[in-house]
Amino acid sequence: MTLPGINKAVLIAGPTASGKSALALELAQKAGGAVINTDSMQVYRDLRVLTARPSLAEEAAVPHRLYGCVDAAVNYSAGHYVRDAKEVLDEVRRGGGLPIFIGGTGLYFKALTRGLSAVPPVPDEVREAVRLRLDRDGVEALHAELARRDAAAAARLNVRDRTRIARALEVIEATGRPLAEWHAETTPPLLPEGSYRALFIAPEREALYARIDARFDAMLADGALEEVARLAARGLDPLLPAMKAHGVPALIRHLRGEITREEAAMIGKADTRHYAKRQFTWFRHQLPEFDWLTPEQARGWVAFL
């Protein structure tokens, strides 16, 4: 089914708890589309509850792709995402469906529409060696090493940014080239300009923050703490993306007896609210081609189609 106002794909972005999933589901039912995850945490099968993935009933109602498809032990990157998204996009198009990309990870949307820097995969042994040095020598020592090997990257990064400092060193170790040189080389986008309609759902801030708090409480009631306990029992590297999902570090601290459940919930809520605020800023500056709509306007747009 072809709908007016839609080209070859629809992109629905927005902060967490903005009502994106319900909108995408309604659009997919109306247009015969497939909902394609564009959220870096909802790819992890270990975190269905805490990342607010679509329910089993919602996933059964229309095709959903790239949800819960990755183990928490995997350091899933934007490069992995683009590779997987291409396979799904080709599959949906072959079936005549409308691809509906939905999520809040700006880097994934940027990779889809602008292309991705051509950084080759870093071998696991290189990544492990850098992480061991990080644990042994500390982040300041690795930042000093980075300053000697890639002064531009070291000047750009905060001396306490363990993840990005390690990443910059991993790339130099694996390729012999600074990260900036790789970033200057980009692959063609999967969704070039003119091939999609892009929306950013922008709720009123205070209402959004109230929804975030209420949803975190609901996730705890639905078993988020037990979910995190199972994840913690695996003993994974705390620097892995899944281990840094909003709420995971605080709930692990609670499980260790360091803080109360109420304190963990407060931290998880605050981290999620701060992330939502950053999402507004990031999309406004990085992807200005997205049309900003209130949730009411977005629902009206879908109803009009």
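From the backbone N, Cα and C atoms, a Cβ is placed for every residue, glycine too.
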Annotated stretch (region 'Interaction with substrate tRNA', per Swiss-Prot) among the listed ranges 39-42, 63-66, 183-186, 259-262: 39-42
Long-range Cβ neighbours of the region 'Interaction with substrate tRNA' (39-42) (under 8 Å; 6 or more residues past either end): 51-53, 67-68, 76, 81, 102-105, 107-108, 241-242, 245-246
ATP site, defined by G14, P15, T16, A17, S18, G19, K20, S21: further same-chain residues with Cβ within 8 Å of the Cβ centre: G104, I201, P203, L208
Fewest-neighbour residue among recorded positions, criterion Cβ within 10 Å, set K20, R127: R127
Under 8 Å by Cβ from S21 (ATP binding site), same chain, sequence gap 6 or more: V35, A52, P54, E58, I102
Secondary structure tally of the region 'Interaction with substrate tRNA' (39-42) (DSSP, helix then strand then coil): 0 helix, 0 strand, 4 coil
